[in-house]
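Presented below is the structure to which this report refers.
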Amino acid sequence: MSSEATFGSMQIGLATASDIRDWSFGEVKKPETINYRTLKPEKDGLFCEKIFGPSRDWECYCGKYKRVRFKGIICERCGVEVTRAKVRRERMGHIELAAPVTHIWYFKGVPSRLGYLLDLAPKDLEKVIYFAAYMITSVDDEMRHADLPNLQAEHDLEKKQLVDTRDSDIAGIARDLEGELTKLEGEGAKAADKKKARDSADRQMANIRKRADADIDRLDQVWDRFKGLKVTDLEGDEGLYRELRDRYGLYFEGSMGAEAIKKRLENFDMAAESESLRDTIQNGKGQRKTRALKRLKVVNAFLTTKNSPLGMVLDAVPVIPPELRPMVQLDGGRFATSDLNDLYRRVINRNNRLKRLLDLGAPEIIVNNEKRMLQEAVDSLFDNGRRGRPVTGPGNRPLKSLSDMLKGKQGRFRQNLLGKRVDYSGRSVIVVGPQLKLHQCGLPKQMALELFKPFVMKRLVDLNHAQNIKSAKRMVERYRPQVWDVLEEIITEHPVLLNRAPTLHRLGIQAFEPMLVEGKAIQLHPLVCGAFNADFDGDQMAVHLPLSPEAQAEARVLMLSSNNILKPSDGRPVTLPSQDMIIGLYHLTTKRVGSAGEGRIFTSPSEAIMAHDAGVLHLNSTVKIRLDNFVPGEDWEAPAGWEAGQPAIVETSLGQVLFNDTLPADYPWVEKVADKGQLSEIVNDLAERYPKVVVAATLDNLKDAGFYWATRSGVTVAISDIEVPAEKPAILAGYEVKAAKVQSQFEKGLIADDERRQELIDIWNQATNDVADAMRKSLSASNTINRMVSSGARGNWMQVRQIAGIRGLVANPKGEIIPRPIKSSYREGLSVLEYFIATHGARKGLADTALRTANSGYLTRRLVDVSQDVIVREDDCGTEYGLTLPIAVADSNGELVMHEEVENSVYARTLATEVTDAKGKVLAAAGADVGDVLIAELFAAGVTEVKVRSVLTCESAVGTCAQCYGRSLATGKLVDIGEAVGIIAAQSIGEPGTQLTMRTFHTGGAVSASRGEDITQGLPRIQELFEARTPKGVAPIAEAAGRVNIEETERQMRLVLTPDDGTEEIAYPILRRARLLVADGDRVEVGQKLVVGAVDPKQVLRVLGPRAAQKHLVEEVQRVYRSQGVGIHDKHVEVIVRQMLRRVTVIESGDSNLLPGELAERGRFETENRRVVSEGQKPASGRNELMGITKASLATESWLSAASFQETTRVLTQAAMEGKSDPLLGLKENVIIGKLIPAGTGLPRYTDITVEPTEEAKANLFTAPSAFSDFDYAGVGGDLAPEFQAIPLDDYDLGSEYR
């Protein structure tokens, strides 16, 4: 790949105005898009060809230059460069803003980065940016200090003048009043007139006094404000600010809008701020310290990177290329356009209006209003709806801004970068193909011809059936006869990939060799249905074609269905015979007493077959047959003198002989009935002991025999096969009496309602079980339904019980059990009431399934995200740690029995230490692979526990090592370097998610509800554990060893723990209805659970440490899956738990570069501490942090991965501010940028190998002139020269940098 060597990491940062102008090819000055008459882009508009490039290849706007020979010329008439039209996908423009605006991500994001940097509350910041308040940007302290005495004197003087003026005005009015009164006195006026004159004078004086006092107050206010004025002060009172500016404008500067912010940022001293914050953190407490920590993170981000904080204020806005925001003409002559064009037009219109207003010298208030509108227009372009009401288009639909283009399922990351459409693919309905081999699929001819079209056309030309590609294409389109012969030749040994959605685990995509079939449906091998979870009721599957030789080789070696027999979640076979095949093999291997030919002896199997064909020997009769090359089974008793390799006369049936013929020749003789369990054991054993080729062949034999004998068995179902047990009425009558007795006790008031319900439920459960037993006894061995269920082919006894026995108890819509059972069976038919109460459960089941699917899919997505960078990076990390796991436990009689969870805990691991028996004899060396055989040997030798390597204790810096992971469950061998074990773990846990129940069970209806003990189970419990949430009804654990006392008051109970070490008592308040696990005065150990309920994993981590927390999480997750009968290997859960515990919160930073309170990757924390210690300084201290999977995914070192997961804008904002560099170590990052993923064959150690094909191999590829003769590519299969045989990579020394 060309991009392979181009770059090793990807950095994101803040773009400054000069960056934006450098990227740009010209300024967009007009809001016009395209001319409605000519349909050509307008000059200087949003689609301008001069800026963004020509809209037709090699043609300028005015048409002066056409054709490729003018390449690179810039037309002197229209100024358009003659080049390809696709430059319109990459050339950017820009808009020069008449006033700066702030970037909404940095001001409105949570937390507000701008607010933290400038130490302003977000609402104050908003006031400044949107022109509601002035902000002081600089104060000349020295000049103010020097001039203060003079200014004070001036102020006092002015104040005195105001007072004097007031007093003199009042005195004047008093004089006038006196004269007036004297005049009135002389005229002998009435008292009323005098009063009127006095009142009028009083009013005038009051007005003067009020006005003067207001002026004096304002003067004082302005003066006090000026004296205490400092930078970043806000002033929302416009009048006060104007007066302040008019009087003392020399000493300070202030402004509003983004200009104020910009001025502040220009003068901001990062280093000094950082110092003062560190000082606050050292000496401060509480809120101040917390805020200082948060601010320091932001300040540090700018200090330690090349980022300038001025990038948060924009002087120019970039305009993205026009092809990424297209405008297309619809049929009716109207245009459909991208929302971005509307948002850009609003910005340009407002910008142009602002320029005009500034040129006209409009009043400040009008200009400010226009600036505010420009700010809002840019905000809605970047992130519409983040502040205020979103800008809407027709039909009140919010317009999609640049941020909306990135985030969510339909955003750029998830829609186009992580999920791409691919060519060379098709889809069709699937049907069963019982004649296929395990590695084959049937591909419809027409589909195959379309998929392989280019290959067929080239081959037609090579074989001279067509003169050129054009005529070859015509031949293919007209389905000429030669085409089909060529297609047959082309598809030989060219694998195709089949995929069924939903692809829940890696077995959802597998490779097959195509066989051409008639019709239009894809034929699928019946044994791979289990892996795809497919059935033939109308399912569809997609076909993909691997093109390159590398892709074909990978498909054939790694993905071929015959190589994917084991399930990655538990290492057990997934391609098991099912349904018809089981019933056929069951029919073949059962023995029937008293049938034709019983007791005869045959000299060979063929003689017995002849007798069967002649009708004198029944398939299931017990006979003796002489067998050559007989390999005895475990329980075969050899006659005296018999030696291995000799023929033997075996007592068996012809069916058993035919069944054993399907197994490998050296496989021990199986003399058991082949039901589902027995077949599973056989296939499991084959997968452990035989090469994959043999296993695949055997599976095909079993499938063929199964179908053949299923047809011959004549298994049918009729209504007469359903036999209702005769004892049913008697059983029910007996229990009716018991139920009536309980009811009467309740009516007499002897028992409470809860007890009555519980007892009735117990009674009817017992009745149901008795009827079920009677029904099973009444079914004969030859009954078809009995055979179907007993063999494991289909159905279970519970379903049969409901059809032929009794429907039993059902739940009401609340999920509580109704204490009256449905007594009818489906065979007898339900009454109306019974039918009605049965419908609740059925509907709930359907609604549940739909919810479960969505929740389970989201869980898988989070699991994949948190674990996607766990890749096996090295062979051995060299750790001495491991987990000690049990193999055997003593039962009630003191005898050793195999531990029930061995299959999913010890199996497929690597031993950490050697294992010896009681006498000291070494049974297995350290580093040995623990398989079924070794487990059996250790158990036989009486070993009870072993220490094994685990991902939890692995010390690899990145990813994990092969020894700690152990055996890859999908292949049965030690895991390869490069295996993406994190994704496998996520799939293994997520895939069975849909089988888990959704509900919070009420274990016995209302009874448990009264105790308030809802046990969260199923999927919600799994989510609670992986998200590390505190569970509902959390149970406390003892924080120290000591004695516990129970104290009760009327309101509540509390447990008081007195620690042994004499530290102060610890009190745990608990609910009165909680069930205690300790009694008053008991001794408890540290970490012991005190009450029934779920434990908070964070508490376990705090009290018992990380190892115990890991163990607790693994056990709890496994408990939920086991309760549903789902087997998942512990190592998958361990991989996820390792990711949850890989961060450390820094408590004290010491002399390191880490910040207190920072969440640091454990590897980075340890590396930094090693560096500090080696320089003789003080290392940082930290505590382990348990993070939920969502939080852990967002906290990853890779910003690309985090942004494509959730909260895209928040992640990108933070990453750009910190100037983060993505080392591209995980899988998602590389998928996003289109590089090969660094896992599997994408690792350098596998990609940098060249193997030259031999001439003989080239010649062998096609006998006729080769279709691929110009490829340096070796054919797969055929008789290849020995030097071209596959070579194990371990034989190559690939150099140390690949390790």
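The backbone N, Cα and C atoms fix where each Cβ goes, glycine too.
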From the candidates Cys529, Cys877, give the one listed by Swiss-Prot for the same Zn(2+) 2 site as Cys954, Cys961, Cys964.
Cys877
In the structure shown, which of the binding-site residues Cys60, Cys78, Cys964 has the fewest other Cβ atoms within 10 Å?
Cys78
Give the sequence-ordered set of same-chain residues, not counting Cys877, Cys954, Cys961, Cys964, with Cβ within 8 Å of the centre of the Cβ atoms defining the Zn(2+) 2 site.
Glu874, Asp876, Thr879, Arg949, Val951, Thr953, Glu955, Ser956, Thr960, Ala962, Gln963, Tyr965
Between Cys877 (Zn(2+) 2 binding site) and Cys62 (Zn(2+) 1 binding site), the C-alpha gap once rounded to whole angstrom:
68
Looking only at Asp535, Asp539, the binding-site residues on record, which one has the least crowded Cβ, with the fewest other Cβ atoms within 10 Å?
Asp535
Whose Cβ lies within 8 Å of the mean position of the Cβ atoms of Cys60, Cys62, Cys75, Cys78, the Zn(2+) 1 site, other than those residues?
Tyr61, Gly63, Lys64, Tyr65, Glu76, Arg77, Gly79, Val80
Proximal but sequence-remote residues of the same chain as Cys75 (Zn(2+) 1 binding site) (Cβ under 8 Å, at least 6 apart):
Cys60, Tyr61, Cys62, Lys64, Tyr65, Glu81, Val82
Cα of Cys964 (Zn(2+) 2 binding site) to Cα of Asp535 (Mg(2+) binding site): how many Å, rounded?
38
Can you tell me which of the binding-site residues Cys78, Cys954, Cys961 is spatially closest to Asp539 (Mg(2+) binding site)? Compare CA atoms only.
Cys961
Residue among the binding-site residues Cys877, Cys961 whose Cβ has the most other Cβ atoms within 10 Å:
Cys961
Here's one to test understanding: among the binding-site residues Cys78, Asp535, Asp537, whose C-alpha is closest in space to the C-alpha of Cys961 (Zn(2+) 2 binding site)?
Asp535
Cβ-Cβ neighbours of Cys954 (Zn(2+) 2 binding site) (radius 10 Å):
25
Cβ-centroid neighbours of Mg(2+) site Asp535, Asp537, Asp539, 8 Å, sequence order:
Ile430, Ala534, Phe536, Gly538
Can you check which residue among the binding-site residues Cys62, Asp537 has the largest number of Cβ atoms within 10 Å of its own?
Cys62
